[in-house]
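Here Swiss-Prot flags Arg69, Ser70, Gly71, Asn82, Thr86, Ile87, Asp88 as substrate binding site.
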Amino acid sequence: MQPCLVKIRRIRSGSDLPLPRYMTPHAAGMDLCADVDADLVLEPGERALVPTGIAIALPDGFEAQIRPRSGLALKHGIALVNSPGTIDPDYRGEIGVIIVNHGADAFVVRRGERIAQMVFAPFVRAELLDVDELDETARGDGGFGHTGR
């Protein structure tokens, strides 16, 4: 496992909120909490940017992926609009979570509620080579379910 030392800074009123943390010894993602001043009511079909009150500094070659929490999706229909969201290593602003309510009922985001998870991953930067043709493969250009069920 490659080490990844991440610097974190509280940038809002979140000193009463826990820093992101792993909830089990083998969890891949750290839970992020909502740093809202008042309850945020999300009606069915609505979306909102939920502040977390934190900013991070990642080492070069790493990204942070913001992902949904499965329990919120299953129980309430809460999802992330851009999943996963990507935090680049040069971004220093507050991490925000864009959520949408796909459920049938209003959903209330309360201060300190765990709303998403953050997974750290190394990445590579590709170099593109402009060519006239691509190598042939058995699959070819088949996509979008062409292999059946």
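In case you wondered, yes, glycine gets a Cβ from its N, Cα and C as well.
Feature annotations (Swiss-Prot) mapped to structure.
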| residue | record | contacts (Cβ under 8 Å, 6+ apart) |
| --- | --- | --- |
| Arg69 | substrate binding site | Asp31, Ile78, Arg114, Ile115, Ala116, Gln117 |
| Ser70 | substrate binding site | none |
| Gly71 | substrate binding site | none |
| Asn82 | substrate binding site | Ile98 |
| Thr86 | substrate binding site | Glu63, Ala64, Gln65, Ile66 |
| Ile87 | substrate binding site | Ile56, Leu58, Glu63, Ala64, Gln65, Ile66, Ile95, Met118 |
| Asp88 | substrate binding site | Leu58, Glu63 |
